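One structure is given here, and the rest of the page talks about it.
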Ligand code: SF4
Ligand code: SF4
């Protein structure tokens, strides 16, 4: 599948935003700290920015509101509806934190639950497509959820280190969820590698009982919408390298940095903030790589008609 | 409405495509584009139409496959490799995944005749339906930003200003080899249903669970090339020569 930058950016940014908002909803950060107020604003900005970038790839974005209508059958529609509903408690909680320096348990927890439901819908958009076998597994939404939560704790950890007072719980949870998320993703990749193709050129043409089917001539010489949208292929050796990069940048480095901050018991200050920033930045780079691979490595059933 | 019709549609209009007959001339491809660029919905745009990287939205395309039986790489050994031309357009699936994923309600399946359509005024061009279709039957129109697909020539088949013979999809009307047939596959007495029953009409990718309405008729078994060659007179063989040729044959033998 073609790794469209707008979709990669959307899923990464909004995943981080929802993760951060979900963590903020738990009330683990001091609502009076300036850093926490920033965190609330950042979460809303990431979510909003993600949603906006997702409309960039639409052919007719002016009608995007129509996408809220088919929630009974479409996971994309459900995601849109949930995104809007989720905004209500998030904005309320942000308001309370920014202007009143308060944390309220009920709206907070409600926001956390709704954030997770929204991310689950995002994962299900992909998992529901039988035509892309790699994605068609419950592990897909699980990875989306765990990555969102891990990213949320990484960001929250950054704000905790920037705030005042000792912080242990949030960075510890960040490390735990980073491990859980990348373990789930490793399972997902393992699942992908062991897949026996559901559809083949033989089943796609129905000619399998005559013999082995191979493409002789494409319908057209140049690329078309189908081949450019679904015919993307990434060389195996590059995929293996990129997976390594994603894992190190997205998981090992941020977890290692947080761990060293915890173990050395460094005082909150500019240096700690710098290390925490590094953790956030590498995590984001790792996530972008992971999302790129998520698309680039997925094979669509239609390629059985195009010899790929 | 992107919920599928709750009950099986009373009519299942669709195509039956005969892979034994198609000669791969692409006439249906061109006539489809010609009809549909001026018919239902926005025109079918092309990008870079006169350049080297021409591309565009087409609703029907013909692929060509080579089918090689076990051991068929050697001519005359175990059946021969054969070429099969393979026209492909929307199969108007009964369990159409393209319909249920659509967030806007633009994609729908008509409950009366089972035709799957896109309401272009509602389509936001998200492309999810094209991802959901395993057959590659949907293509985005990059100029209009809406999804395009076969309408089964909805603007021909019910058009009473047309003569009866023209009330079929453009591809069916055009095919010079008569490889494409149109009819109601819910009616067991229809020509298309009888054809499917007699020739063992098949579904494409049944494992995807889409239950396509369109059916494909498999190529008929073919005599191997070697068998056909056995009957041909060989150049060295003069048995059965008559008259002047018999005399010439005899004379030449004696020299
Ligand atoms: S062939 Fe593709 S576009 Fe047509 S109904 Fe089936 S899934 Fe939908
Ligand atoms: S491209 Fe249009 S028809 Fe297809 S899923 Fe999106 S809104 Fe629906």
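From the backbone N, Cα and C atoms, a Cβ is placed for every residue, glycine too.
The transmembrane segment annotation in TrEMBL covers A:7-29 (among others). With a threshold of 8 Å between CB atoms, the same-chain residues lying at least 6 positions outside the transmembrane segment (A:7-29) that come near it are 35-36, 39-40, 42-51, 53-54, 57, 83, 86, 89-90, 93, 97, 103, 105, 107-112, 115-116, 118-119, 122, 144, 147-153, 155-156, 159-160, 163, 169-170, 284, 287-288, 291-292, 295.
The feature transmembrane segment is assigned by TrEMBL to A:41-59 (among others).
Here TrEMBL flags A:80-98 (among others) as transmembrane segment. Residues 14, 18, 21, 24-25, 31, 36-37, 40-41, 43-44, 47, 51, 67-68, 71, 104, 107-108, 110-111, 114-115, 117-118, 121 of the same chain, all 6+ positions outside the transmembrane segment (A:80-98), place their C-beta atoms under 8 angstroms from a C-beta of that stretch.
Annotated transmembrane segment per TrEMBL: A:104-129 (among others), in sequence order. If you look at the transmembrane segment (A:104-129), the same-chain residues 6 or more away from its ends with a CB under 8 A from one of its CBs are 11, 14-15, 18-19, 21-27, 75-76, 78-79, 82-83, 85-86, 89-90, 92-93, 96, 135-138, 140-145, 148-149, 294.
For A:141-161 (among others), the entry in TrEMBL reads transmembrane segment.
Residues 23, 28-29, 137, 139-140, 142-143, 146-147, 149-150, 153-154, 156-157, 160-161, 247, 250-251, 254-255, 258-259, 261-262, 268, 283, 290 of the same chain lie 6+ residues outside the transmembrane segment (A:167-188) yet bring a C-beta within less than 8 angstroms of a C-beta in it. Residues annotated as transmembrane segment in TrEMBL: A:167-188 (among others).
Among the features that TrEMBL reports, transmembrane segment is placed at A:242-263 (among others). With a cut-off of 8 Å between Cβ atoms, the residues of this chain six or more beyond the transmembrane segment (A:242-263) that come close are 154, 157, 161, 168, 171-172, 174-175, 178-179, 181-182, 189, 234, 272, 275-276, 278-280, 282-283, 285-287, 289-290, 292-293.
Beyond the ends of the transmembrane segment (A:269-289), by six or more residues, the same chain brings 8-9, 12, 15-16, 147, 151, 154-155, 157-158, 161-162, 178, 242, 245-251, 253-254, 257-258, 260-261 to within a C-beta distance below 8 angstroms of the stretch. For A:269-289 (among others), the entry in TrEMBL reads transmembrane segment.
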Open item on the list: Can you work out which residues elsewhere in the same chain, 6+ from the ends of the transmembrane segment (A:141-161), have a Cβ less than 8 Å from its Cβ atoms?
Closed with: 11, 15-16, 18-24, 28-29, 33, 35-36, 38-39, 42-43, 115-116, 119-120, 122-124, 127, 167, 170-171, 173-174, 177-178, 180-181, 184-185, 188, 254, 258, 261, 268, 272-273, 275-277, 279-280, 283-284, 287, 290
Task: Positions whose Cβ lies under 8 angstroms from the transmembrane segment (A:41-59), at least six residues beyond its ends - done: 4, 6-7, 9-18, 20-21, 24, 83, 87, 90-91, 94, 98, 155
